[in-house]
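Report on the following structure.
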Amino acid sequence: MEPTLGNPQNTIAVLQKYHFNFQKKFGQNFLIDPHVLDKIIGAAGITKDDMVLEIGPGIGTMTQYLSCAARRVVAVEIDKNLIPILEDTLQGFDNVEVINEDVLKLDLAKLAQEKNDGKPLKVVANLPYYITTPIIMGLFENQVPVSSITVMVQKEVADRMQAGPGTKDYGALSLAVQYYASPYIAANVPPNCFMPRPKVGSAVICLTRYQKPPIQVEDEKLMFRIIRASFNQRRKTLANGMKNSPELDYTKEQIEGAILSTGQKVNVRGEALTLEEFAQITNYLTAL
Ligand code: SAM
């Protein structure tokens, strides 16, 4: 089967046939540009060996492209009004299964076990922007077996995921993503590639999951508490951020000792520190 969707005319025809009304609360902006769809499939490097999890298939546009490239596609869609549409648009795309669920409530590790024998799957999606971070962090933190995540997100969020120390976009999200995966922005996508047009620019980001984290840290949870403390109060020094954090309970001396152990000055700001330095601070405090 060849994809039939992906251009404005066919999308409008499907929407009219079913009198579909876009639901803002579900972040519905459907792709209507075949070049962008090809770009996403190419960036994800899908082969006939792969099982793909698509989050939010909409009317099935990208699902058709994924079906052609992958061995198997499981698509999770929250909006029950889209289910009869998907049954229609995905007729003949026999390797696709649609699940009508909220992806945040699904046990995706169990789904990977059931549908792919626990082997790593690839996640590909034009994400609903209101839940980008919980979806991506949920995939990483809940140990879902995933080899890569290739997703359309708000441009600004893609920039934050890819940012390095000392830049304006660097923050807790950069560090959290880069602990689990190597990020790469594959394309910038303007609003006119969607229906309806979003108010913001978008980007396709590929996150290739590390087999093991790039740094060694004794207590992962503590490191993320320190990272949060550091960026919650961006203008403060790291030492002050840590001292004021309700999530941390260390003395001024202990905190300063930890910061000095990285070779940085005591008055350094969190935004200057690398992931490795946050790990060093964590390991120093864990060893006390
Ligand atoms: N993939 C389609 C496309 O590219 O044209 C639609 C993308 S649209 C940006 C996001 C989709 O995610 C919508 O179909 C929306 O209904 C669905 N969605 C929103 N929240 C969801 C959730 N919690 N679980 C599953 N799907 C969700």
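FYI, residue positions are counted from 1 along the chain as it appears here.
Cβ coordinates are placed from backbone N, Cα and C, and glycine is handled just like the others.
Taken from TrEMBL, the feature S-adenosyl-L-methionine binding site covers N29, L31, G56, E77, D102, N126. Cβ neighbours of E77 (S-adenosyl-L-methionine binding site) (same chain, under 8 Å, six or more residues apart in sequence): G56, P57, G58, I83, L86, V98, I99, N100, E101.
Per TrEMBL, the feature domain 'Ribosomal RNA adenine methylase transferase N-terminal' maps to 36-211.
Within the model, the domain 'Ribosomal RNA adenine methylase transferase N-terminal' (36-211) carries an average pLDDT of 96.
In the shown protein chains, 11 other C-beta atoms lie within 10 A of the C-beta of D102 (S-adenosyl-L-methionine binding site). Ranked by how many other Cβ atoms sit within 10 Å of their Cβ, the binding-site residues N29, N126 place N29 at the bottom. Once the Cα atoms of N29, L31, G56, E77, D102, N126, the listed binders of S-adenosyl-L-methionine, are compared pairwise, the greatest separation found is 21 Å.
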